[in-house]
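What Swiss-Prot records for Gly40, Pro41, Ser42, Gly43, Cys44, Gly45, Lys46, Thr47 is ATP binding site. The domain 'ABC transporter' annotation in Swiss-Prot covers 7-448. The annotation region 'Insert' is assigned in Swiss-Prot to 108-317.
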Amino acid sequence: MNEHSLIEIEGLNKTFDDGYVSIRDISLNIKKGEFITILGPSGCGKTTLLRLLAGFEDPTYGKIKVNGIDIKDMAIHKRPFATVFQDYALFSHLTVYKNIAYGLKVMWTKLDEIPKLVSDYQKQLALKHLKLERKIEQLQKNNSNAQRIKKLKEKLQKLLEINKQKVIEFENKEKLRREDIYKNLEQLTKEWDLLSQKKLKEVEQQKQAIDKSFEKVENKYKKDPWFFQHSEIRLKQYQKKKTELKADIKATKNKEQIQKLTKELQTLKQKYANKKAIDKEYDKLVVAYNKKDYWTSYWETYTLQQKEAFEKRYLSRKLTKAEQNKKVSDVIEMVGLKGKEDRLPDELSGGMKQRVALARSLVVEPEILLLDEPLSALDAKVRKNLQKELQQIHKKSGLTFILVTHDQEEALVLSDRIVVMNEGNILQVGNPVDIYDSPKTEWIANFIGQANIFKGTYLGEKKIQLQSGEIIQTDVDNNYVVGKQYKILIRPEDFDLVPENKGFFNVRVIDKNYKGLLWKITTQLKDNTIVDLESVNEVDVNKTFGVLFDPIDVHLMEV
């Protein structure tokens with residue numbers, strides 16, 4: 001385990017039954033207390049990744065480690081996560097208070113320490129003493145029978161001595177009970193460890209046997225060069241190729257050519273049938289291996305889960321009503337719901353409903369909070385307010401937050417680090433400044449904010465010649481290769497308009513749009529390359545300007 005990582009995702013894959021690959025062998029480490037945002041367009045796999053973490057989906061293979069333990073076979077309710085959903089998922093018949101408190105009904109806490117239990121027991125016994133003392137005081141006030149008062153005082157003294165002995169007995173009994181529990185737990189832990197080690201060896205042997213079967217199947221592929229040449233061929237490609245060959249046969253009049261194409265078609269059918277049979281064997285082995293990998297995960301966490309179940313039964317208790325009330329009150333204060341406790345969800349705005357959903361997840365004290373696009377259904381102003389509150393709650397709680405969103409601005413505002421995803425792959429991981437200013441690819445540059453992408457050649461000494469001929473400079477030195485072509489990124493807001501021939505190069509204005517605070521200006525280089533920029537001042541269409549920019553804002557990307 002990476003000593004600084006709370007979550008370690010290793011080679012995680014999710015392939016659905018129809019063959020669609022949603023998550024493609026991704027790996028990611030998340031530190032304790034981080035605010036991580038998984039950012040990408042619809043269908044990129046970000047929500048699937050969140051569902052895999054929460055346990056709503058099972059991975060095809062790979063590992064999801066929390067505190068060094070693979071949890072992919074762990075039940076949802078045992079995972080250290082709580083989820084805030086986009087659609088709130090509130091109970092419509094319960095008040096705000098009861099919605100938030102709902103999860104506490106099944107929440108357990110450690111048994112109180114023995115001194116606390118003894119103190120509580122003493123308080124119970126003291127109530128009896130108090131009743132007797134009050135009775136004596138009342139009799140004395142009323143000048144009642146002195147003999148009766150004397151007897152009651154003797155009774156009180158005797159009760160004090162008896163209860164003192166009871167407290168000692170109670171404390172000794174509780175100590176012995178706990179000693180027995182801990183001894184039993186120690187013995188059971190040894191037995192669980194032995195069993196899990198035995199089972200892990202058995203599973204490892206079974207996996208090794210499957211590995212040998214993999215080798216046999218791979219040898220079948222190696223026997224025929226055709227399989228290597230067509231390793232990626234699938235049903236659609238096969239049908240397309242078959243249709244093309246049939247069309248060629250039909251269109252050809254030359255007998256020799258017809259025979260050649262017919263033979264090629266027969267070979268294709270035979271080879272594809274053979275490959276399909278071998279693929280089927282291979283796929284069966286993959287399924288078998290992945291099942292064994294789940295058993296590996298199960299037996300690796302077996303002792304821990306058995307120990308937790310034992311401790312819950314013998315060394316834990318449910319929360320008292322007073323404890324529940326305090327937790328709910330604290331979280332209501334934290335998320336800004338004070339005064340709304342008795343309202344029903346239908347009486348709340350969208351922003352308030354999302355606060356309730358957030359409070360309900362926070363109150364159960366998860367180690368990690370998963371947020372599935374919780375702000376996407378809210379209007380812009382409410383969303384921005386809640387973004388600020390989310391940041392404050394994250395700082396106050398110290399929890400690890402994992403947010404899924406397609407909103408680039410939201411990701412840049414909230415995150416410690418951003419994970420950019422597309423088509424099931426992680427493309428880049430970095431802090432918001434790195435992701436925005438130094439994207440690894442043109443796709444990321446265009447997805448996050450607006451981007452001007454130029455083609456150019458690196459000349460050395462931090463100089464670049466654009467395809468249109470202009471020479472510009474960068475402050476970034478990343479061992480770029482002299483003479484190599486790169487794609488150059490400059491953001492629209494990094495340009496400054498100056499009079500013609502006073503800048504690094506000239507542009508002609510071809511369009512303008514007012515955005516409120518700024519004008520979005522569309523311009524053109526002399527080779528017709530489009531350059532978008534922003535200006536606080538309105539400019540005239542068809543007018544030519546020079547442009548300036550800081551070399552540090554010039555970023556090079558691989559072609």
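Using N, Cα and C of the backbone, Cβ positions are placed for all residues, glycine too.
The Cβ of Lys46 (ATP binding site) lies under 8 Å from the Cβ of Ile38, Leu39, Gly40, Val404, Thr405, His406, Met421, each of these being in the same chain and 6 or more residues away along the sequence. Of all the binding-site residues listed (Gly40, Pro41, Gly43, Gly45), Gly40 sits in the most crowded Cβ setting, with the most other Cβ atoms within 10 Å.
Using a 10 Å radius centred on the Cβ of Cys44 (ATP binding site) and all shown protein chains, the other Cβ atoms total 24.
Note on the domain 'ABC transporter' (7-448): its mean pLDDT in the predicted model is 89. Ranking the binding-site residues Ser42, Thr47 by the number of CB atoms within 10 A of their own CB puts Thr47 at the top.
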